[in-house]
Each structure stands twice: as structure tokens, then as C-alpha cells.
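These features come from Swiss-Prot:
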SIGNAL    1-24  signal peptide
MOD_RES   25  pyrrolidone carboxylic acid
DISULFID  35-72  disulfide bond
DISULFID  65-262  disulfide bond
DISULFID  73-265  disulfide bond
CARBOHYD  124  N-linked glycosylation site
DISULFID  197-349  disulfide bond
CARBOHYD  241  N-linked glycosylation site
DISULFID  252-285  disulfide bond
MOD_RES   352  phosphoserine
CARBOHYD  418  N-linked glycosylation site
CARBOHYD  495  O-linked glycosylation site
CARBOHYD  509  O-linked glycosylation site
LIPID     554  GPI-anchor amidated asparagine
């Protein structure tokens, strides 16, 4: 009986010693002789097992995962791996750009709506000015003002409208109404058919003085900069979308497959690609994309220059919210010269003025309904200009986005960072050698040739668009100090109008006019301040490779500490029986 027990214990001890190898033994198991693990892995990618051999095969038909011996991969499996590798790459690119893309999309929407709010406020201010001071000019004035600000909105959105024509049309339309309703109320009906003559006389006689030219200058400069700013943001979105959905070359697809999936064919499920090998592959695959980096950097810096100059007459918020004051001054100018104008226009338009000029009552101090023109007094951080500066600071943190993409992809995919016991695209190696890996790849892929092919056509197109917008941004950017230049002061501003805080700049030049701060509250009217986690597509799914590695990592941890302790206990009991 004792002999039987001793024999049984010896057998159990031998089996346990085989089941629990020492720590010094290499962790990777030998290739699966039955391809069972490979079949389990592949079924996660492709339901059904008809493409997976039950036992290793020669693999003579393989084109990417070239075997050095029997393999558990077929040609169909290889094709599926290539497709999956490309999808993994696209997903990693989208994950890399998620925060940047949402930042630009969010701000493009915020600023577009904010500009529309500014236009709407400016129209309301101007209508209120007419209603409270020139009621006889409404509703005609309301119609002309509405058309003008509609054109302003369309121009900001990119419509092919000439700003000078917009301003001329406004004053051409206003003057006949001012002449017949304000300067000559009670004009006979027979004399009301001179509108075309009055429109022409308005320009010939400069009846509004230099105010139309002043408005042209202010509105043109501010709207041009605003439009370029929005165009630049929209192009930024287009650039990110383009690189998010790049179709990589066949050579790149093969390289990715060798790196991520060819190890499966040898049954090496737990082995990760070498970090250095990943860098080599990504530099080859993304050589064309990285060429965007130079123009992307210039894009952000040029946009910063533009934003730094967007104040005073280059700030549409400042200009449009003060426009009602300038229009009022222009009408006041007409009234001051009404006598001379009436005589001259009477001769020019062949209209004999039988009655003495009678001007409508006009109060000395402009009264504006403060309830209509009320603008919330807000903190500096909530203004348009501060929001623009905040955007630029965030964009500058992404200035190296494209040059850093290869490193990002490798750091966010399963790789062996220390380059030990890792997959080099052909076999499991104790330590990765870049030179050896490059030499081993020459028979399959020429990395130098891949880089020299240049960027894909779609990347070349986006680079051309970046060059164009960068040129526009440089053209529209205001050199530092130019806003306080003497030439601009002559256009209707005094150098003392603005302090260090450009958000305090105001428009208008009339004495006694109510000054309207160009500060609009964002938080009350715009609700775009979302967390990045709320962005569409922010919940990125793990790549198939990640899921597989995680699953099989758990499967590989069968030798738990509890089982190890159990084996030790059994060994002690057996030793006791053997001794006794």
C-alpha cells in the first residue's frame, strides 16, 4: 500500500513540475500544433472557421505573412487581417484627432452663431434709433436696414457681395425717404417721382458727407477679417476630416498586417510588436501625412496673428454695434446742410421748390430706448475677443499634431516598449534591432521607396488649401501697432478711444451719443461649451487586437497563485509519505 502511495505521489509531482515551469523559462509557448488558439482568435474577426486550417499548413500561397515553417494562416485569413489592420489604423487616427476636431467644430459653431447674434443686435439698435428719432422714416428705413444686415450676414458666410455696394445701396435707398419725409415733409404727390434722381444726387453731391466712406472702411475691414476667420476654422475641420479617413496604400496595409497579425499565424498570441519596429512602420505609412505638419504649424500661427489684430475697425462686434451711431451722424449731417441741398437738388432734379424749407423737429440730445439697447455688462472673459484668444491658446497645444502622429499611434497600440521579447514582423526576438528589421523587410517592402512616393493626392490637395488660407490669413493680418496708425485715425477714430483692453473699444463719433459696449454674453445665448467626452465618436471602441490580447492575456493566467500553493502542498504531503 505504501509503495502504491509513493508511486502515485511521484507521478503527481512529475505532472505538477511539468504544469508549472520555472520563472526563468521563456513565456511564449511553442506554435499551436493544432491551430486551436488561432481558430479561436480568428473567429472574433470573421464568424465561421472555414478559412482556418485545423493543423499547420505549408502556407505557400501567403503573400504577406511569409512562413519560415508550417503556419496556421490561409490566404483568405491574410486578406481579412489586412482589412482589419486598415480599420485599426483609421480608428487610431480618429482617436488621435478626437479632441482637436471637436475643439475646432465647437468653436466654428460658436463663432458663427455669435456673429449672427451681433448682426441681429446691430440691426435692432439701428431700427431703434430710427424709431425713436425719425419715426417719419419708418417703415421704409426698417426695410432698408433689414436688407443691409441680411447682406452683412451673407457676406460673413462667404457670399460674393461687395461691401461698398451694400453701403451705397443703404444710403441710396435712405436719401429719397429722408428728402421727402424729413427735409421736405408735405411735398406734393406730383413731386414724389424723383427717387432715381435723388439716388444719383446722393453720390454726386455727397449729401451724407464722408460718413458712407467711413462706414465702408469700417464694415469692409471688419467683415473681411471675420469671414477669413470663419473660413480658416472650417478648413481646419476639413483637414482633420481628410486625415481621419485616409485610404492607406497597399504596401502600408501589408506592413500593418505583418506588425499586428502575422504573429498569430505562428501561434504567438501573446507577443506584442516591438516598439522600435512600430515606429519604423508608422514612419513609412505616414510619411505623406507628416508633410502636412509644416503647413499646419503655419496655419495656427497665421490664425493667431489674425486674431491678435481683430479689434477696433478690424472687429465686427465693435463696428456693427456702433453702426447706428454713425448712421445717425450721417443723417444729422444732411439736416445741417438741408438748405443748400434742397436748393441744389431742386435745380438738379428739375423740381421747383415753391415752399420754404421746413425741417422736422429734431432734439439736441439723442434719445434711445435704453430698454431696447440694453447690453449686459459682462466680464472680460465672456467677450468675443477673449473667446478667440482662448481658442488660439488651445490650438497652439496641437501645433505639432501631425509630426507627432506616428508616435501617438504606436503609444496607443499594443507594443513592447522596451523592445525585448517582441515581434519584429518576422519572428519573436529577444531584443529588437532596427537594422536587422529593415534588412528583413527589404525583400517585402522598400520603406525608402514608400516614403519617396510622396503624399496621396487627397493629402496634396489639402496641403494646397492650407497654403491658400495661410496666404489669405497673412494678407488680412494687421501688423502690430497698425490699428493705432495715423491713417486709421483720419478715418474717424481718435487714438485715445481704446485702452489696453480692446474689448472696451467702441464705435460712433456723435457728440452726446450713448456709447454701447461691444460685450455680448455667450453663456446666455450659446450652449456649445460641451465636454470632450460628449463629442460624437468620443467613446472609442477597443481595437480587435486590444480585445484579443486582453482576452488571451486572461486565458494565459491559468497558473494562479492559489493553484501554485496547492501544488506545493501536494508536494509536501508526497514528500512526507516518501520519507516515511
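Placement of Cβ uses the backbone N, Cα and C atoms for every residue, glycine included.
The structure, with features from Swiss-Prot marked on it.
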| residue | record | DSSP class |
| --- | --- | --- |
| 35 | disulfide bond | coil |
| 65 | disulfide bond | coil |
| 197 | disulfide bond | helix |
| 241 | N-linked glycosylation site | helix |
| 252 | disulfide bond | helix |
| 262 | disulfide bond | helix |
| 285 | disulfide bond | helix |
| 349 | disulfide bond | coil |
| 418 | N-linked glycosylation site | coil |
| note | Within 10 Å, the Cβ with the most other Cβ atoms among the disulfide-bonded residues 65, 197 is that of 65
| request: Among all chains shown, work out which of the disulfide-bonded residues 35, 72 has the most CB atoms within 10 A of its CB. | output: 72
| Can you tell which of the recorded positions 124, 241, 265, 285, 418 lies nearest to residue 72 (disulfide bond) in space, using Cα positions? | 265
| Which of the recorded positions 35, 65, 241, 252, 262 has its Cα nearest to the Cα of residue 418 (N-linked glycosylation site)? | 262
| request: Between residue 265 (disulfide bond) and residue 349 (disulfide bond), find the distance joining the two CA atoms and give it rounded to the nearest Å. | output: 94
| query | How big is the Cα-to-Cα gap, in Å, between residue 65 (disulfide bond) and residue 285 (disulfide bond)? | reply | 18
| field | When distances run from the Cα of residue 262 (disulfide bond) to each of the recorded positions 73, 197, 241, 252, 349, the nearest one | value | 73
| task | Would you kindly give the Cα-Cα distance separating residue 35 (disulfide bond) and residue 124 (N-linked glycosylation site), rounded to the nearest Å? | result | 76
| task | Please name which of the recorded positions listed here, 241, 252, 285, 349, is nearest in space to residue 35 (disulfide bond), Cα against Cα. | result | 252
| remark: What DSSP gives for residue 72 (disulfide bond), in three states, is coil
| remark: Min neighbour Cβ count (10 Å) across disulfide-bonded residues 73, 252, 265, 285, 349 flags 349
| request: Inside 10 Å of the Cβ of residue 262 (disulfide bond), count up the other Cβ atoms and send me the figure. | output: 26
| message | Could you check which of the recorded positions 73, 241, 252, 285 is the closest Cα neighbour of residue 349 (disulfide bond)? | response | 241
| Can you name the residues of this chain that are 6 or more positions from residue 241 (N-linked glycosylation site) yet have a C-beta less than 8 Å from its C-beta? | 101
